Amino acid sequence: MATQHSRSAARVMISPAVLLLLAWMLIPLGMTLYFSFQRYNLLMPGAHPWVGLMNYKLFIQNPAFWTALINTLLLVGGVLIATVVLGVLLAILLDQPMWGQGIVRILVIAPFFVMPTVSALVWKNLFMNPVNGLFAWLLPKLGMAPYDFLTQAPLASITFIVSWQWLPFATLILLTAIQSLDSEQMEAAEMDGASALSRFWYITLPHLSRAITVVVLIQTIFLLSVFAEILVTTNGGPGNASTNLTYLVYARSLLNFDVGGGSAGGVIAIILANIVAIFLMRAIGKNLDA
Amino acid sequence: MGRITLDKVTKRFGDAEVIPPLDLTIEDGEFVVFVGPSGCGKSTLLRLIAGLEDVSGGEIRIDGTAATELPPAKRGLAMVFQSYALYPHMSVRKNIAFPMKMAGMPKEEQERRIDNAAKVLNLTDYLDRRPGQLSGGQRQRVAIGRAIVREPAAFLFDEPLSNLDAALRVGMRLEISELHNRLETTMIYVTHDQVEAMTMADKIVVLRAGKIEQVGTPLELYRTPRNKFVAGFIGSPTMNLIEGPEAQAMDAHTIGIRPEHLDVSSTDGRWRGTVGVAEHLGSDTFFHVHDTGLAEMITVRADGEVQLRHGDTVYLTPQDGKLHRFDEQGLRIA
Ligand SMILES: Nc1ncnc2c1ncn2[C@@H]1O[C@H](COP(=O)(O)OP(=O)(O)O)[C@@H](O)[C@H]1O
Ligand SMILES: [Mg+2]
């Protein structure tokens, strides 16, 4: 696309796609912004008067907001730590030559193919159920009292379920990164007198830094909006114990029929997601530069 | 000190015996070159000495102590890899410091050795760069620096120059030779390039299919190759090997004559032929001579001033005492 002519032709050609994309993104965003400044509750038909920042004020002043905010960060942070740490260990394990490697790798990837609602329900009903669950059967055998995971530790349980879903993704990316590690580097380190632990710390981990960054950035995008797992297991409860921002917006707009309040929550969630993104890019974005 | 003894060292990968039982002694301070065609087991042998591969049988001793079961780090050897194997996320300084850091050496001593190595290898200006910001030759020097600072009993080099361009290769060859003269440490150097072997070695070990074909100084190998393989491998251009009546007349299965040991004349001589391609190097010219009835083609090395054209008739005469004779098994007949 060197000449003036071909460049303007290119612009004309891509414009329909760009316009469609813009409409696709801008119209919902514009409507969300528009509704967020109105008193618009489906239970109160009639006019939708402008109320300025009222919806935002109400959303933030609601004590559930701060709980949801903290829960969101705990959920994202917990899943990130669990998937990265376990993912690195699993990737190293899967990189070792072993019998039945192909099958083991497919098994490790399997959870990623199970849709969130299904996997959350499986965990809830087959494993964590205080009466019928596998753990309820197992714990007394080990001399411990049965534990109602989703009631007594709802956020931790959901963090666990979501980690289980995302572990394959992290493992897969980290495994391909480990496989690209030059074996001569490892041998050089071995000759230099580095123990297995030092080799992991000084060679493997730095080599993985870029892959870890990719895992963290991609997962953060998806983890900020975890919803299905909460809906089918705890419904955000008990109380607000497992409500995150996404779930709070849902509760606002669809359970309370408060379109205005929900929209304001959505806008706040967008702003917070961007803050997290800026923070992440500052902290680890430099790993992506070659 | 760095005297390395291999006693019946064997290596098998599954069923494939890559190194059949092999004996070799490398004296302290020697520059030994393992040379042989690609895939003959040079790297494998070096890795066995380094401890990066387990032997399938036999004993390795370093300075008289059994090293067969020792892990690589405990053998006191340093290795320079073909890919350099630098740590890409560490600066040059940290790369060089790494083995000392792993050994828990005091900081001041580390600094002293790094400065020394950097001075010797002309790396002082690059200490704070990453390997990715260096040229091939500089990376090679960093890899050598990382090996030097450990003050090892012996250095192991695995085709260290094969990733460099021709001019740089000649330069690095000299630098490594100089380094050996200065440090007087044992060096084992693997290459498939017989020129590197001839120019650098105190002692050359010619390998074929994991077996030692001959061990000797460069000139010994050049003057008295023990068999046809060594005769053909050492020397450039390669030795002319002649079979048939001419060889039988000398009670041999094959006779060999190096291109530089043939006298060229346009009037008379022992063998008559037609000039084919001429390769002019300036100082010398290599003529490919055909239709001699001896072999497909005979290479002759003549003075650069000799003027012969394609299609000219030439006469070739082997110089006295420079003919090599080999029997049916390819072994030298004394
Ligand atoms: N890890 C291995 N597994 C199986 N065969 C190997 C392995 N490493 C080397 N070999 C075989 O051993 C032979 C010698 O290899 P190598 O020592 O690398 O040769 P060189 O360095 O002389 O080119 C080759 O035929 C190669 O295929
Ligand atoms: Mg090799």
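Heads up, the Cβ atoms here are built off N, Cα and C, so glycines get one too.
TrEMBL annotations: computationally assigned, not manually curated.
Summarising the annotation, TrEMBL assigns domain 'ABC transmembrane type-1' to A:69-280.
Among the features that TrEMBL reports, transmembrane segment is placed at A:12-35 (among others). Counting residues 6+ beyond its ends, the transmembrane segment (A:12-35) has Cβ neighbours under 8 Å at 48, 259-260, 263, 266-267 in the same chain.
Under 8 Å from some Cβ of the transmembrane segment (A:64-94) lie the Cβ atoms of residues 101, 104-105, 108, 155-156, 158-160, 162-163, 166-167, 169-171, 173-175, 177-178, 200, 204-205, 208, 212, 215-216, 219-220, 223-224, 226, 240-248, 265, 272, 276, all in the same chain and six or more residues away from its ends. For A:64-94 (among others), the entry in TrEMBL reads transmembrane segment.
The transmembrane segment annotation in TrEMBL covers A:106-123 (among others).
Feature annotation from TrEMBL assigns transmembrane segment to A:155-178 (among others).
Long-range neighbours of the transmembrane segment (A:208-228) within the same chain, counting only residues 6 or more positions beyond its ends whose Cβ lies under 8 Å from a Cβ of the stretch, are 72, 75-76, 79-80, 83-84, 87-88, 115-117, 120, 158, 162, 166, 169-170, 173-174, 176-178, 244-247, 250, 269, 273, 276-277, 280-281, 284-285, 287-288. Sequence annotations record features per position, and here TrEMBL assigns transmembrane segment to A:208-228 (among others).
Per TrEMBL, the feature transmembrane segment maps to A:264-284 (among others).
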Where else in the chain does the transmembrane segment (A:264-284) make close Cβ contacts, counting only residues six or more beyond its ends and a cut-off under 8 Å? 32-33, 36, 55-56, 58-60, 65, 69, 72, 76, 212-213, 216-217, 220, 224, 245-246, 248-249, 252-253
For the transmembrane segment (A:155-178), sequence-distant contacts whose Cβ falls under 8 Å of one of its Cβ atoms, 6 or more beyond its ends: 71, 74-75, 78-79, 82-84, 86-88, 90-92, 94-95, 105, 108-112, 114, 116, 119-120, 123, 128, 149, 204, 207-208, 210-212, 214-215, 218-219, 222-223, 226, 229-230, 233-234, 241-242
